[in-house]
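Worksheet: the structure to be examined is printed underneath.
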Amino acid sequence: GARGLAHLGFLRACEELGFPIDFIGGTSQGAFMGCLYSQKGHTSNMSKEVDELSNGIGSVLALMRDLTLPILSIFSGKSFSATIKACLGEGDIRDCWINFFCITCCVSSPYTTETIRVHRKGIAHKFIRASMSVVGYLPPVYHEGELLVDGGYVNNLPCDEMQKMGVHTVIGVDVEDKDESMYRDITPLREHVSGWWVLGRRILESIGLGGHFKIPRQSDILSTLCYISHTTQLPYAKGSLDLYLTPPVEGYKLLDYHKKDEIVEAAYNYSMEALRKFMREQDMEGLEMGPQWTRTRSTTMPMLGTDRETHLKWETGRFKPTPDQSACNTPRKYSPTNSRLRSTEDPGSNVFSRTEPVLLREGSATLMIQRTSGDFRRRMKKTFDDSHASLGRSE
């Protein structure tokens, strides 16, 4: 829910301190924030989408329009899905500039197969929507015969999945609500409770009549169920973490998106202090990752060559540039947080021209290519891998 906006504050703190991010994994709102950051590359490029999400989900009018007969869920999910799609576009998860994955829970086969689903490829907005599908509020997402819901029910802090992918330093940002005050001094209930009676009592209490009345909302109970699952996983998750962060988001409700600025600011201040301490303990120096890096990244850079053989020779150190090509072979800043360095006038754009140069980094290998789409990039990468292997054998 809205507490996931705290991830934006954490990411801003990372940028300000020059703390590099090479891999992002998330669940629920964390999946959305992580995917958006992986697409945009910098928090300064995320403002429009975060505002669009907050206004769309936090709008009472939008929620009212999305109400439906509550057989499968309270809301139809139409406007919510449209908002997620508008923010993330039609891109594939593999097209993100920073490596990314998200977690969902499969509810259609709980007795026959593993319920956790880890998504590293596929349409981004579809799986982010699934990872944010709180049961009872939004309908599940159908994918290849399975029904997918919020991944928080099975793995709310996927640091174990991160380690499986070879990441050495793992930081967990936990935004679960640990506030138990909502369950203190609860008004005694009968075995049958009418929603109209609850509404009437709330109205009377709001005008100073009817005495004390306190009953948790459905959203509070659903959040608590997620937290119960989270607490069983937490001891194991902490063992896989190098740094465990808990931004102060207690008290913020599932749909408190109108309090975005408060949540982000609180998380930013907390993360700045925690990261500074961690960097001192690890004797780490910050890297240049501010807006000036974004401008450097967004400048154009000529190609070293236009054919595969030239690129392979350049990558293996056997390429001798001509005087004209030497001008292209100049040092250029890149961020270790990004395995793919894009050259475009709009770093946040999902549109690429046919002549756009892109620098791909795969381990220690570097290759300049021109791309028109994510599929083209993946085909080129496979061609490069195959050719590089054959080149190594010929030597």
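Any Cβ shown, glycine's included, is placed from N, Cα and C.
Curation plays no part in TrEMBL annotations; they are all automatic predictions.
The stretch that TrEMBL tags with motif 'GXSXG', taken from the ranges 26-30, 371-375, is 26-30. Beyond the ends of the motif 'GXSXG' (26-30), by six or more residues, the same chain brings 1-5, 7, 100, 102-103, 131-132, 134, 150-152, 155-158, 173, 175 to within a C-beta distance below 8 angstroms of the stretch. In this view, ASP150 (active site, proton acceptor) is surrounded by 27 other Cβ atoms within 10 Å of its Cβ, with every protein chain counted.
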